[in-house]
Amino acid sequence: MPIQPYLELARIHKPAGFFLVLWPPFWGLTMAAFSTKMAVTDYLILLLKSFLAAFIIRSSACTVNDIFDRNFDGLVARTKNRPLASGRVTLSKAIYFLLLQYAVGVSIFATFNKAAFYSNMIQMIPLSCSYPLFKRITNWPQAWLGLAINFGFVTSWTAVHGTSPTHFNFVVLMSLALWCWTMAYDTAYACLDRKDDAKIGLHSTALLFGQNVVPAISCLAIGFVSLLCISGFLNNHGAPYYALSVGGPSLFFLIKLVNLDVESFESCWDFFIQNAYFLGSIIFVGLLFDYLRLVT
């Protein structure tokens, strides 16, 4: 049995999406480690477990997405060669592969505490499974994605703090920040397919916002940066956080939004990719420096 189609089904060849799933738990874990002055060895162990959890959550979500969208993907230029749409993987084999991914996920999640285990399960199954359906029934599928893709932040926080309500306001504000971020980058990403989506009856915020995509993304970016700033204050972060994790995104969006052309495939793709690779990493580096200055 050729393995290549299954690697494509799990999007191993397209790591940008993985990083967008990875950053929320990495940020959440580092912020939780900062707030508790966690030992570096304990932090690294949880970081590894979060990496593995994010990997399986993202790969299984891609499989689910392709199962639901198999009859639409063939009608869209960008997705017509996906394994299910092209017939290289049958529906039954894709379902078996998904069940295998779920089994691996459960075994990874079992290494977390009880609260984080259930949080991982919620993200992997109900949240991720329902996202593809939202493209059929609402103009706001990106709003649901903003909840589904970022739930790892809650997971990583509960992996350290449990279900204590002490930091409830902080967790809510950071979740809102992440929601704004996802709405921003995925609206730009949806511009890649909006002509095809309009023809086949799928919905997105790229279609909803129409000619106002860039102003909408700009407002979301402002919300994201503002909430990062407030959340940092609530978690008592210091100079490295504000310089890199807040200052970095501010400068990033100032530069990128001026040059964003929503009619250009290359421009929208670059905006999406740079959010996944550069913006996510600069925020993480700021958090990491802030944590390390506290514990070393």
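Using N, Cα and C of the backbone, Cβ positions are placed for all residues, glycine too.
Lifted from TrEMBL, the feature list:
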| type | residues | note |
| --- | --- | --- |
| TRANSMEM | 16-36 | transmembrane segment |
| TRANSMEM | 43-61 | transmembrane segment |
| TRANSMEM | 94-112 | transmembrane segment |
| TRANSMEM | 143-162 | transmembrane segment |
| TRANSMEM | 168-192 | transmembrane segment |
| TRANSMEM | 213-234 | transmembrane segment |
| TRANSMEM | 240-259 | transmembrane segment |
| TRANSMEM | 271-292 | transmembrane segment |
Contacting positions for the transmembrane segment (94-112) when only residues 6+ beyond its ends and CB under 8 Å are counted: 6, 9-10, 49, 52-53, 56-57, 59-60, 63-64, 66-67, 83-84, 120-121, 124-125, 155, 159
Positions whose Cβ lies under 8 angstroms from the transmembrane segment (213-234), at least six residues beyond its ends: 167, 169-170, 173-174, 176-178, 180-181, 183-184, 187-188, 191, 205-206, 241-242, 245-246, 249-250, 253, 257, 260, 262, 283
Of 43-61, 143-162, 168-192, 240-259, 271-292, whichever stretch has the most CB pairs under 8 A to the transmembrane segment (16-36): 143-162
Tertiary contacts of the transmembrane segment (168-192) (same chain, 6+ residues out, Cβ under 8 Å): 20, 24, 27-28, 31, 78, 142-143, 145-147, 149-150, 153-154, 157, 204-207, 209, 213, 216-217, 220-221, 223-224, 227-228, 230-231, 234-235, 260, 262-263, 265, 268-269, 271-272, 275-276
